[in-house]
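First up is the structure itself, then whatever we jot down about it.
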Amino acid sequence: MNNNVFHFPVLLDAICKLIEDLPVKSDLIYIDSTLGEGAHAKAILEKYDFLSLVGIERDSQILERAKQFLLIFKDRITYFNDWFDNFFANYPLNVKANFILVDLGISMFHYKDSKKGFSFLEDEPLDMRLCSSSCSISAAEIVNTFSKYDLESLIYNLSNEHYSRRISKAIVEYRKIKKIQTTKELQSIINKVYPFSKVKINPATKTFQALRIYVNDELARLKRSLPLWVENLAKDGILAIITFHSIEDRIVKDFFRSLSCDLYVKISKKPIIPSSDEIKKNKPSRSAKLRAVKKI
């Protein structure tokens, strides 16, 4: 396994500013709901010695990487190998959190080194399960068994892919001849039916996004977690959520809007986005949006 940490901590300066706005800076609890390789956690723990970290990560493989990466801070960290919605539904701590961070992006490790088929840049088995024991269906099973209508609905509803009908038809026609097993196979099917005059990103990008979201139940997990996150904030505590596509950002935006003004206040009216300098250094950050709310 490649032990280099791939993940660049997106919107780190904005996150640090939120932490600096906490009124008390002594013995505070910081929960990283999506620990990943620990890039955000390392930068935050280095800068703020008054924080203790609770790190939540469902993928046991990437959690072990994070533990090694954060070894110097081991006395300040408690780890949980779990989905964040399960953790907060059965909240195990005897104190509320002062700062909760949620980064909904997929780690670079999963794209570059997991061999689970999250990326079409390498030819890998079409799996996409972050946790095979709790995710019942793989991406390969979806593209090989779902009806044309169900594929079209899945791809459109989870990625806003305008050519979902064309793509789903091509998938169904292809699998009549041969089972779809790898990322490159699926990418090739999509590329052949996509109008290249319309291409701004790789034609397969949105379909892969939709499959990943479905396989890992990402949107339902987010919706379940939102009320649990705010419920488990301490007074003056802050919940910060980084989204990477319009569907999940809308869910977060609408939830924050629904909160009582007597109990919570939005940190900013509009989402915080990366600077041009950050995007130059880390191209995947270009679609990131940070929304935050404070419990009063």
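Note: Cβ is positioned from N, Cα and C throughout, glycine not excepted.
Annotation source Swiss-Prot lists S-adenosyl-L-methionine binding site at GLY38, ALA39, HIS40, GLU57, PHE88, ASP103, HIS110.
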Open item on the list: Taking DSSP as the reference, which of helix, strand or coil describes ASP103 (S-adenosyl-L-methionine binding site)?
Closed with: strand
- [ ] Look up GLU57 (S-adenosyl-L-methionine binding site) in the DSSP assignment and reduce it to helix, strand or coil.
- [x] coil
- [ ] Give the three-state DSSP assignment (helix, strand or coil) for GLY38 (S-adenosyl-L-methionine binding site).
- [x] coil
TODO: Using DSSP with the three-state reduction, classify PHE88 (S-adenosyl-L-methionine binding site) as helix, strand or coil.
DONE: helix
